[in-house]
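Encoded as structure tokens, the structure appears first; notes follow it.
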Amino acid sequence: QTGRLALYLLGLRATCPRPEPHRALVTWLKYYLEEDWTGSRQHGHPLTSYYQYGLGVLALCVHHKRVREEVIQRLLEAQHHGRLGHSGTTVDTEAVVALAFTCLEQRRLVGAGLAAKLRAATEGMSRRMAEAQGPDGTIGNIYSTPWALQVFLATGVCHTEPAYSRAMAALLENLDAFGTAATMAQVLPVLHGHSYLDIASLHCQEEPDTLTPLDMEPPTEVPGNKTVQLVVECSQPWCLELRLYDRPVSVPASASLLDVLRAAAAQDPQHFTFDTQDTAQGPFLTQVLGLEARQQKRNYWQLLRAPSTPLQMGVADYKPHDGETLILRLSEY
């Protein structure tokens, strides 16, 4: 519940509510942060993820609530030892943690000594984000880019960091990729020159009520079918063979990768199974053919377009082309 409640509280704070309704929720978030860590103390990391843990600290800071120093030190230590995620999530997680550190420093919710450590850690993460920028201007991938841009805005380096303008240009060229409420929530503040930290200093009495319902037409269905070659690979040393599944799957022309997985499970239930976990960014692939991706084992299901191109979208957002080969590979980070 840590990340979901944190995002809810960030959104609630942005709507300028009266303080009474959400005081209990802030208390619950403090409780979840402790439970998140205590429940997995033997592994030395949160039960959920450092991304959700960082979101929790950020949400408490935006609500002007102090966070126990031990909670902050856990994030500092994880950042120092490079434990904040695998290649597909590092930018997102470091950005969330950097925003939390910047908020704690700017709101003066920590002492001078700890503030200096947070500032140094944030500068290091910001530098790595700039170095992670690809030839197309994205940082990490198109969905990680708004998070990195929020860090550049929050820390005030947006006018001096060359990566900022290139990333913003890439964002403007790919706005159609942001089709869910969660991804829109990350990109909209950036398009207006803001980060989530600005929620903390909203002058609510000056905020006009401009929210109006918008009638949207449902997307047009694409006629016909397509065939996608679905491959499952295990690159772990304990797997007896690399390729575990390799079969064509027929789906409607407008189907997403998630639809392909569902069709494969329906067509061949004895040989193909999968499971997902709901997150704020959409469903996350956790298990395929009974093989589970676990943070404790530092592995995850990598999504690739053959032969070796990582997908920039999640299973529910990516729509494969007819004849495309998609690889689900259990990889280690």
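Just so you know, glycine gets a Cβ as well, placed from its N, Cα and C.
Just so you know, TrEMBL annotations are computer predictions that nobody has curated.
Summarising the annotation, TrEMBL assigns cyanocob(III)alamin binding site to Thr48, Ser49, Tyr50, Tyr51, Gln52, Asp92, Asn141, Gln186, Trp301, Gln302, Leu303, Leu311, Tyr333. TrEMBL lists Cys61-Cys103 with the feature disulfide bond.
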C-alpha spacing of Gln52 (cyanocob(III)alamin binding site) relative to Cys61 (disulfide bond), in angstrom: 14
Sparsest Cβ surroundings (other CB atoms within 10 Å) among the binding-site residues Thr48, Gln52, Asn141: Asn141
The one of Cys61, Cys103, Leu303 whose CB sees the fewest other CB atoms within 10 Å, among these recorded positions: Leu303
Cβ atoms near Trp301 (cyanocob(III)alamin binding site) (within 10 Å, other residues, all chains): 21
Tyr50 (cyanocob(III)alamin binding site) CB neighbourhood, other CB atoms within 10 A: 24
